[in-house]
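Chemist: There's a structure below that I have some questions on.
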Amino acid sequence: KAGVGFKAGVKDYRLTYYTPDYETKDTDILAAFRVTPQPGVPAEEAGAAVAAESSTGTWTTVWTDGLTSLDRYKGRCYHIEAVVGEENQFIAYVAYPLDLFEEGSVTNMFTSIVGNVFGFKALRALRLEDLRIPPSYSKTFQGPPHGIQVERDKLNKYGRPLLGCTIKPKLGLSAKNYGRAVYECLRGGLDFTKDDENVNSQPFMRWRDRFVFCAEAIYKAQAETGEIKGHYLNATAGTCEEMIKRAVFARELGAPIVMHDYLTGGFTANTSLAHYCRDNGLLLHIHRAMHAVIDRQKNHGMHFRVLAKALRMSGGDHIHAGTVVGKLEGEREMTLGFVDLLRDDFIEKDRSRGIFFTQDWVSMPGVIPVASGGIHVWHMPALTEIFGDDSVLQFGGGTLGHPWGNAPGAVANRVALEACVQARNEGRDLAREGNEIIREAAKWSPELAAACEVWK
C-alpha cells in the first residue's frame, strides 16, 4: 500500500519547481538570482534547481513527500529572463512561501535561501542579486536599535551630514595615545571617531583600557566644544557573551555608541547586540568587514544590497556603504540604490539602479550610510550632494594626515562641510561649483588651506 502514488527515482526539477504561470503573493519572499548554468543545462532546469534546493527539494524523490503539501511549501521559479550582453546568463525569479522561514531570524532566512544551493553542480555560478522582504516578514524584526531621527535627537545635530574619522594607525597604539588622538579629532570639530574593524582586544591595547581612555576623550571634548560627541567602541569579540559584556561596560561609561563587525561576527550575534542597544539607549555602528568576499564577483555570491537589507532587519544605526566618489557613473547609481534601501520607507523597483523589486519597509527605522575610504576635503562637495544630510562622512587619513596634526585636520573637514552645506542651502550647484566653494572657505581657514594644498 505504501507504494501507491509514489514513483522512486530522479526527475527533472523543472517538472515540479518551474511554474511560469504562478502569481506571486504579497506574503512571499521574492529572490532574483543571476544564474550561469553548466553547458547543456537549460535555463528553466537551472532556475528550478535553485528554487528546489533552497526550499523543499532534494536530489531524488522521497516517499515522505506524500506526508506534507509540497504545493504549499515549495519555492517556485516563476520567471526567467536572459541577461543582456552576457552569454548563457539568466535572471531567475524565485518565490518562497513565508512559512519556510523562522520569524525574526536573518540567520535562518540566509541558511534557507543561500545556504546550500551555491555549490550545486548544475550551475557554473550563482549570485543573489536582490530580495523582496514582505512587510509580513519584516514586521517580525526589531530592525535598527534607534534609527535616523532618534539619533539626530540624541546628538542634537540637524541639517547636515555627520563627520567621522577612523583612528590610525589602526593597530599598535597604546590605549593612552589612542585616547589622545580621539580627543584631538573630536575637539577639532568632528562628531565621531571610530575604532578600526580589527581593533578588538589585542596585547598592545586591551578593550577595557581603550574604552576608558576614549570615554575620557569624549567627555573632555564635549565640555570644551558644547557639542555631543561619540566614539564607535568596537564591541566585536570571540563570543556573544564577551561582546555583550563589552557593550555593558560602554553603557556604564556613558558612551553613546558601540560598534560591531556584522559579517565576521555573524547575524545572530548582531541581532543580539542590536536588541541590547535598543533596550539600553546605545547607538550601533556597523562595519561590513568581509563583504567583498561575498559581493565582489559579478556573477557569483551575493550583491551588497542584499547584505544591506539583511542588516536593516538584523539591526544597526550606521553601516559602511562605499564612497562613490571617483568611481564609474554606473556604480554611483547602484550605490545610491542600496543607500535608498537603507534609509527610505518605500523604494520603487528600478532596474537601472539594480533594484529588482519594490520594497516596502512600512515603519522600520532607517540606517545611516557611512561614506569612508580614501576621501579628503576636495571630495566634500560631491559627498554632500550625493549622500545628503542623513549620512556620516568618514575621513581617516583625510583627518590624521593633515600636515599640522589631528585637530587641525578635523577643523579643515568641519569648515569644508559647513561651507558646502551653506552653499547648498543658498541654492548653489555643488557638482559644478564645488572646488570654488572649498577655495573660498580656505581663504579664512588656514587649516583648510593647508589640507587643500596637501591633497590637491
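The backbone N, Cα and C atoms fix where each Cβ goes, and this holds for glycine too.
Since this is a predicted model, take the numbers as computed values, not measurements.
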Chemist: Since Swiss-Prot lists ASN116, THR166, LYS170, ARG288, SER372 for substrate, which candidate among HIS318, HIS320, HIS402 does it give for that site as well?
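Modeler: My reading of Swiss-Prot gives HIS320 as the candidate in that site.
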Chemist: Would you mind sorting out which of LYS168, LYS194, ASP196, GLU197, HIS287 (the recorded positions) have a C-alpha within 10 A of the one on HIS320 (substrate binding site)?
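Modeler: Close recorded positions: HIS287.
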Chemist: Which recorded positions are spatial neighbours of ARG288 (substrate binding site) here, meaning Cα within 10 Å, out of LYS7, ASP196, GLU197?
Modeler: GLU197
Chemist: Using DSSP and three states only, what is HIS320 (substrate binding site)?
Modeler: strand
Chemist: Where does GLU197 (Mg(2+) binding site) sit in DSSP terms: helix, strand, or coil?
Modeler: coil
Chemist: Recorded positions LYS7, ASN116, ASP196, HIS287, SER372: which have a Cα within 10 Å of LYS168 (active site, proton acceptor)?
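Modeler: Within 10 Å Cα-Cα: ASP196.
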